[in-house]
Each structure stands twice: as C-alpha cells, then as structure tokens.
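K.L.:
One structure, as structure tokens, below. Some questions next.
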Amino acid sequence: MDQNNYSSLRDFILLGFSDHPKLEIVLSGVVTIFYLITFVGNTAIILVSLLDTHLHTPMYFFLRNLSFLDLCFTNTIIPQMLVNLWGSDKTISFVGCVIQLYVYMWLGSIECLLLAVMSYDRFTAICKPLHYLVIMNPHLCLKMIIMVWGISLTNSVVLCTLTLNLPRCGNNILNHFLCELPAMLKIACVDTKAVEMSVFALGIVFVLMPLFLILISYGYIARAVLRMKSKAGQRKAIDTCGSHLTVVSVFYGTITYMYLQPGNSAPKDQGKFLTLFYTIITPSLNPLIYTLRNKDMKDALKKLMRVDYKSTKINRNWKS
C-alpha cells in the first residue's frame, strides 16, 4: 500500500444519507424489512431445493448458489448500514472497510458470471433436452461454480488493491453508505484515470460480455420455444426461463447504468439510491420471482409445509 496511506489507517466516515435525517429513519425501517425478506426467502430456497429430491437438478444447484450469494451480499452490507442509520456514529473501521470493499466487489462479480452460467444451463435444457443431464453433469456444474468464484476473486483483488494503493492524503470521508470502489476513488488525491480505465475495461469483461452471452442464449431459447408443438412445453419453458430473465433484467439494468457511465455524470445521490436498489432490493426480489413464477418451487414449498404441518399435528396428538 502507498506510504501516504500508512498514516491514515484510521476509521472511515460513511456519510450515507446523513444530510437527510428524516429519510434515514424511513430507510432504516425499509432496509430492515427487505433484509428479513432476503434472509427468509433465500434460506427457504436453499433448504427446499436441498430437501426435495425432485429439485436435485443443475438448475436448482445454480439457484442455491445464487441464493447463498444473495445472503452473503446482504450480510456484507446491511448490518453496518443499519448501525450507521440507527445512530449518530457514521464510522467504519479501516479493516472493516477494506474487507467490505473486497467482498462487495467479489460477490458483485460472481453474480454477473453466475447469471450467465444459469442462462447457459437454461439454453442446454431447452435446446438440447435429450443431452441435458449428460452435458450439465455434477462434475461440470461444480467446475463452473469454482471457476466463477475464482475468476471473480481475482478481479476483486486486482481492482481493490489498485484502488487502495492510491494516496488519499488523509481523506477518510466517503460520500456513500458502504465502502464501494467508485466512492474510494473519489477520495484519492491523485489522478485516478488509469484505475478508472481498468475498472471500465474489467467492467466490460464482467458486465457486458456475460450479458452478451445471456442474450445469445435467450435468442436460441426463443427460437426453440417457438418451434415447440406442445403448448404445455412452451408454458413450462417460459415459466422457468421467465424467472431467470426477470432477475437478469433487474440486476443488469441497474449495474450497467451504474458502472458503465462516466464517473462524474450522475447526480449526487443517484448512485446511492441505485446501489441501495441492487444491493438491498434485488436480493429480496430474487426468491419472490423464483417462487411466484416457478411451479416446481411452489409445489416443493407446499409439500414441505404439508409435511411440517402433519408432523406437528402428530406430535401434538402423541403428547395429548
């Protein structure tokens, strides 16, 4: 790390929404509600897809990973954010900020790649149904997940290390509610164009390239669905792909707008609200989208609830 930064290994101040005290009160309630929805919804998806043997397929393997990712994502951000919203202390320790910066970038990169992997899974299931389980075998699925997590970690280490090595000349006030890379770049006291270009270049690799692959996959999927003679088959394909496509649209729409625009072109608080949306709202929407639009997941949830109700009733009768 740059020598100029050794003297400033102190707490960072997260301004967040401190210039809007009334908004902070509202946000603390909203964030808490969405945090609970995210925790309950994604935990339910993980448990249901593990307990129901009918869901032991590649699609639900990747969905479990997405739900686990969303749980990690929110737990990296929300606890510290709620502490800052509830009290007058807006600080985060230097170590805490660095960990949040690396983990946040790591998990964000994973989600970009994971959504592309999930689109390939849907492409294989619909366009090559007879070879689906042979192609998407457990060994390949595991290798793909390990690659996604590994490549994303490398991206995080490179970008975050470059950012932290920039001299800050004692600046420790971040105009954000979390330690995010663009906010860290703004407190550097040197020209950051080289790092910004690196962020933009890797942004193309991790945002636009996966999005391009997703669009290609869904182009082939749309053609395959239109050629199906069975209306039931078409409905099932639309249901399973519709959930994923909705999640892709929400996530990529927000993140593309945020990270692939010139650094100073956005209004002051717009970046905060967009970050709030895709880090707090999106992870809570994912389980709702997948359960409301996915018949298999709804059936598995109902079955699990019936089994739980029956076991509770039997226990009560036995005790009485």
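Note that Cβ sites are derived from N, Cα and C of the backbone, with glycine treated the same way.
Given the structure is predicted, the values throughout are model-derived calculations rather than measurements.
Pulled from TrEMBL, these are the listed features:
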- 25-50: transmembrane segment (TRANSMEM)
- 41-290: domain 'G-protein coupled receptors family 1 profile' (DOMAIN)
- 62-82: transmembrane segment (TRANSMEM)
- 102-120: transmembrane segment (TRANSMEM)
- 140-164: transmembrane segment (TRANSMEM)
- 200-221: transmembrane segment (TRANSMEM)
- 242-260: transmembrane segment (TRANSMEM)
- 272-292: transmembrane segment (TRANSMEM)
K.L.:
Let me check one thing: do the transmembrane segment (242-260) and the transmembrane segment (140-164) come into contact, meaning three or more Cβ pairs under 8 Å with sequence separation of at least 6?
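P.N.:
Contact criterion not met.
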K.L.:
What else in the chain is close to the transmembrane segment (140-164), if you only count residues 6 or more beyond its ends and a Cβ gap under 8 Å?
P.N.:
1, 5, 58, 61-62, 65, 98, 101-103, 105-107, 109-110, 112-114, 117, 181, 184-185, 188, 195, 198-199, 202, 205-206
K.L.:
Average the per-residue pLDDT over the domain 'G-protein coupled receptors family 1 profile' (41-290) and send me the rounded value.
P.N.:
86
